[in-house]
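Copied from Swiss-Prot, the annotated features are:
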- 1-13: compositional bias 'Low complexity' (COMPBIAS)
- 16-25: compositional bias 'Basic and acidic residues' (COMPBIAS)
- Asn174: N-linked glycosylation site (CARBOHYD)
- Asn181: N-linked glycosylation site (CARBOHYD)
- Asn197: N-linked glycosylation site (CARBOHYD)
- 1-25: region 'Disordered' (REGION)
- 1-30: topological domain 'Cytoplasmic' (TOPO_DOM)
- 31-51: transmembrane segment (TRANSMEM)
- 64-84: transmembrane segment (TRANSMEM)
- 117-137: transmembrane segment (TRANSMEM)
- 228-248: transmembrane segment (TRANSMEM)
- 257-277: transmembrane segment (TRANSMEM)
- 306-326: transmembrane segment (TRANSMEM)
- 340-360: transmembrane segment (TRANSMEM)
- 400-420: transmembrane segment (TRANSMEM)
- 447-467: transmembrane segment (TRANSMEM)
- 473-493: transmembrane segment (TRANSMEM)
- 515-535: transmembrane segment (TRANSMEM)
- 551-571: transmembrane segment (TRANSMEM)
Amino acid sequence: MELKPNGNHNNNNAAEKSEDTEKAKAERTNWGNGLEFLMSCISVSVGLGNVWRFPFTAYENGGGAFLIPYIIVLFLIGKPMYYLEMIMGQFTSQGTVKIWSICPGFVGVGYGQAFGTICIISYYSSLLALTLYYLFVSFQSELPWSFCREDWQNCVDSRPAEYTENLITGLASNASTLASNLTTPFSNRGVSLLADNETVKLQSSSEIYFLDVVIKEKLDISDGIGSPDWKLTLALLASWVVIFLVIMRGVKSSGKAAYFLALFPYVVLFVLLIRAVTLEGARDGIIFFLQPQWGELLNPTVWKNAVVQCFFSLAVGSGPIIMFASYNRFDHGIYRDAMIVTTLDTLTSLLGGITIFAILGNLAHNLNIENIQDVVRSGTGLAFISYPDAISKFQAVPQLFSVLFFFMLFVLGIGSIVALQSTIVTIICDQFKGLKYWKVALGTSMCGFLMGLVYVTPGGQWILTLVDFYGGTYVVFILAIFELAGIVWIYGLQNFCDDIEFMCNRRVSLYWRMCWSFFTPVMMIIIFIYSMVTIEPIKYSELYFPEAGNVAGWLLFGIGAAQFPLWGLWYVSRHREGSFCSSIMASLKPSEKWGPANAEVKREWQIFKSQKAAQRAVQKESSKLGFFWRKITNFCGSNI
């Protein structure tokens, strides 16, 4: 059955609506050209998620065992969701909230995704602060994390291998003496060296520098998280100043910056890759990363982590893709862009993974450790421990490579957070048309800076883990399920495919139809249910959070997930049509605002939809298979 917008349709109202949509279209800026859109999508999807999060996620899930589930998830969930969000943004020329004129009762999905995006922004900026800090100290005559201080117990220099080997030999010969010092806070971290039946805990100087000099990590936050570090606070402030300058003029400024944000990181990443694969032991690390462990394919946790990483890397379910696509021309060829970005994202993740595991292989070789998993703990500190450690081993001007690397990380982070921040600014500006874009950008940037202060405290990494787990991961996950259900199951796959055909002038393939209607939602639902049933109290650095932390985490998740039903009820209460049940049913139909923003294009679309409905009516009458034929065509969204 063809869905029709609800509400009155008299000529006067139609004329007024046409004028409003035309005015809205005129007010909305478009990209300078299609390449700016592509570069912007690359800058957000090919970001810290590839260089920072993908390697340590693969590390936590057995290296190569993670690659097969990740690639399968990419094709059955990642690509379909990415393409769907691109279509929604370009078709409506609206942001994350306004697109829900397709199914007004689901408007809470947009607000919930905005909440999840704010959570991600809050800690993402702290990562930028860390990269800036490392960038600044890289200009010293000797990299400060490359050598051990006198008061650093059981420390191994991150200098070239010949120095490290001599140090380990000395440690091994005096293991009994060092064993008495294992009561220090460092004994819970690092790697072990077995000699004379005594286990000596070793740490690279890069790890100690990060944990005890930079973030001044607390191993227990039961007494609080401490005060913000003033150096990291200044770095955080500088990061937000840059973010504001990039987004202050909307796509006019961010589109131009996207060329640099998208392309420069690849130059540095290739340089680091070449250096990493030439290090001793790199081969073992790469083999560990690429060699699949087939038994892990049956581990549901690995599949759940693959979905989470796919969402994080592609920025699916948090709004940037919809927001970017909303600034496109209606006839822009987004299919090509979607395929380019999703493919490039995967290749970059593999490139980043090979680079980091080559470095881990070298680290294991220098520390005489057989199991690469024992080299360094995983987590957010991986990029600030293993990468700096490798850079310290560069024979020629390591300071130069360090500056290039951390500048690359900063550029990657800026590209990601600019997209996330622009999503929030676009939502606010779409809701309140009278507000100046730059003022909203300034206000949200100030709020982002204040929220980021929590993460530059000694207990900040604990809070980052908590917010990422409850506010970023699970909120985005569950709302993505509702997003797909509202578009494909409520609005209807057949209607959606017709809209794509009208906009892109191409039929939707069976691959997309099967993924959207069955494989993608079913896999997401199964994985989400499993993850909720088997969920355990989260840990940081192998330590459990205090009870108050878990309560705060579930409260964070509850606030994000509750946006969906609460805003749905709000819409129903504001648009009553008869009984409560009738109002709910009406809220699940497209509103008058659904469709292309341009009035002329919208009229053409309505004619196209009417013609499609007439064609299907004729086909149903002529079909000999009757009921079953109609079910097949409705399921596939195709005029077979």
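Going from the start of the chain as shown, residues are counted 1 onward.
Each Cβ is built from the backbone N, Cα and C atoms, and glycine gets one as well.
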Verify whether three or more Cβ pairs under 8 angstroms connect the transmembrane segment (228-248) with the transmembrane segment (117-137), leaving out any pair fewer than 6 apart in sequence. yes
Contact between the transmembrane segment (340-360) and the transmembrane segment (31-51) (3 or more Cβ pairs under 8 Å, separation 6+): yes
How about the transmembrane segment (515-535) and the transmembrane segment (31-51): at least 3 CB pairs under 8 Å, pairs 6 or more apart in sequence, or not? no
By a Cβ-Cβ criterion of under 8 Å, what residues six or more beyond either terminus of the transmembrane segment (473-493) are in contact with it? 3, 81, 84, 88, 100, 102-103, 106, 109, 112-113, 115-116, 119, 307-308, 311-312, 316-318, 513, 516-517, 520-521, 524-525, 528, 531, 556-557, 560-561, 563-564, 588, 590, 634-637
Hey, which of 31-51, 306-326, 447-467 has the most Cβ-Cβ pairs under 8 Å against the transmembrane segment (400-420)? 31-51
Surrounding residues of the transmembrane segment (551-571) on its own chain - C-beta under 8 Å, 6+ positions past either end: 104-109, 111-112, 115-116, 119, 466-467, 469-471, 474-475, 478-479, 482, 538, 545, 587
Distal contacts, the transmembrane segment (228-248) - CB-CB under 8 A, six or more residues away: 125-126, 128-130, 132-133, 136, 214-216, 254, 257, 410, 413-414, 417-418, 421-422, 425, 437-438, 441-442, 445-446, 448-449, 452-454, 456-458
Pop the mean pLDDT for the topological domain 'Cytoplasmic' (1-30) in here, whole number is fine. 49
Close approaches to the transmembrane segment (447-467) from elsewhere in its chain (Cβ under 8 angstroms; 6 or more beyond its ends): 118-119, 121-123, 125-126, 129, 215-218, 221, 224-229, 232-233, 235-237, 240, 243, 379-381, 421, 538, 540, 545, 549, 552-553, 556
Per the Cβ filter (under 8 Å) with a sequence gap of at least 6 from its ends, the transmembrane segment (31-51) is approached by 82, 124, 127, 251-252, 254-256, 258-259, 261-263, 265, 269, 309, 312-315, 320-321, 324-325, 327-328, 332-333, 337, 340-342, 344-345, 348-349, 351-352, 356, 383, 408-409, 412-413, 415-416, 418-420
